[in-house]
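Quick notes on the structure that follows.
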There are 2 protein chains.
Amino acid sequence: MSQREQSAVPVVAVVLAAGFGTRFDPNNPKQLVSVGGKPIVCWSIEAFEANPRVTDTVVVVNPQVRHAVERLVDQAGYPKVRMILNGGAERVDSTAAALDALAAAGIPGDAKILIHDAVRPFVAQSSIDGCVDALDRFTAATVAFASTDTVLLTRDLGDVKVVQSVPDRPQTFRAQTPQAFRFSTIRRAYALAAHDPDFHPTDDTRVVVDYLPDEPVAIVAGSETNLKVTTLADMPTAERIAADILTQRR
Amino acid sequence: MSQREQSAVPVVAVVLAAGFGTRFDPNNPKQLVSVGGKPIVCWSIEAFEANPRVTDTVVVVNPQVRHAVERLVDQAGYPKVRMILNGGAERVDSTAAALDALAAAGIPGDAKILIHDAVRPFVAQSSIDGCVDALDRFTAATVAFASTDTVLLTRDLGDVKVVQSVPDRPQTFRAQTPQAFRFSTIRRAYALAAHDPDFHPTDDTRVVVDYLPDEPVAIVAGSETNLKVTTLADMPTAERIAADILTQRR
């Protein structure tokens, strides 16, 4: 338990709920869709509410859903939610908005920041714990799940793609979230990236890997159930996972 | 259609049904489990029976299921199934057994060989066609599906894994099957690999990529529904896909 006592710094969850989800129902943004009778964004916020090591939560929304999310947060009265912020056009813009707001709020550089996609409603408590612990040894960590399929890296050859290489399967992972960083580390990576006009990562981990290559990013064990709800086709699986979780809690 | 007329060579499907499936029910090997009322291995054999461009099928089994598979093939009377062969301990041993049998049967070097995992019962006809077509331009091709998740390549750092690199998402694919080769190409790759004591690939494409690096392997479009049935947890999804296919056929 000594590791836990070391973590007397703020542990801030940033829940990114700004995606517009063009692959989903445009009239009902996916982060507001209910599974197991509860909006997806609420599942995600509650994962951090339930974890005693997380001290604060910031929710990043887009203006179209801001009112709806504010109402959900007010109704539930989540005690850790400190701010609801407007995000930007892309994922990295939303992360950057959260980092700026945290800096303005005077968060210390050694605070632990856990950036989570709201559309991963079923993140395991063990994965959140794993992120907080990993930041005692590393400045960056990401939840990831070992790939059960062989991954192929490709290149373009005229109008077709051909295989460039086949990495060893035990070294291939599928990134999940949370992705976790000491605050000063992710701030520095984003500051460096801001000067690069070609900067369009889909992933916060990649910002650190690309701009701070000397900082190793630790892998934290994810889970098969840490599903990303991307399309309507994901809903039956999401409902099944939600039903399993609600049964276990009973 | 001129492309199709060029393909007057044998097109041989090799259905690998030799896996023992330790992650599945050991008393009921996964290739014999029924989905949509039909054993998984039959779904796979029938995918090639249904494709007019495939001329012959070879089924590779392990001795424990040989009798059961022979009975299923006899009952259904699949006209393209020419041989049921015993496979080996590992996937590559089963492929090698099939290649040796095809050589003994006098299959020409320019024959098109489509190697398919029996536990992918729902392979699309368009993917089979794509393999046959790709072999008019390339000596090797593989069905693969674009990764929707960011892939992380890792390395070991002491007792943990850390991120080594984050490949561009548009160049990351999850390998599926069939994997398709001109017969002389896959024979040559396996002959070279046989001299390498460290040879343990989980994938036939990798044999070509590693041992014949100058032969580009084309990517053929796979599908989300080309599911690999690996564990019992895959069965609800498999049943849903089977039900969808059976509804469409009605």
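These residue numbers are counts, starting from 1, taken along the chain as shown.
Cβ atoms are placed via backbone N, Cα and C, with glycine included.
Keep in mind that TrEMBL annotations are predicted by a computer and have not been checked by a curator.
The site 'Transition state stabilizer' annotation in TrEMBL covers B:R23 (among others).
Note on B:K30 (site 'Transition state stabilizer'): other Cβ atoms within 10 Å of its Cβ, all shown chains, come to 25. According to DSSP, B:K30 (site 'Transition state stabilizer') is assigned to a helical segment. The site 'Transition state stabilizer' annotation in TrEMBL covers B:K30 (among others).
The Cβ of B:R169 (site 'Positions MEP for the nucleophilic attack') has 17 other Cβ atoms within 10 Å, all protein chains considered. The site 'Positions MEP for the nucleophilic attack' annotation in TrEMBL covers B:R169 (among others).
Annotation for B:K228 (site 'Positions MEP for the nucleophilic attack'): same-chain Cβ neighbours under 8 Å, separated by at least 6 residues, are B:D117, B:V119, B:R120, B:Q176, B:D234. For B:K228 (among others), the entry in TrEMBL reads site 'Positions MEP for the nucleophilic attack'.
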At a CB cut-off of under 8 A, do any of the recorded sites B:K30, B:R169, B:K228 come close to chain A? List them or say none. B:R169, B:K228
Roughly how many Å lie between the Cα atoms of B:K30 (site 'Transition state stabilizer') and B:R169 (site 'Positions MEP for the nucleophilic attack'), rounded to a whole value? 32
In three-state DSSP terms, the structure that B:R169 (site 'Positions MEP for the nucleophilic attack') belongs to: helix
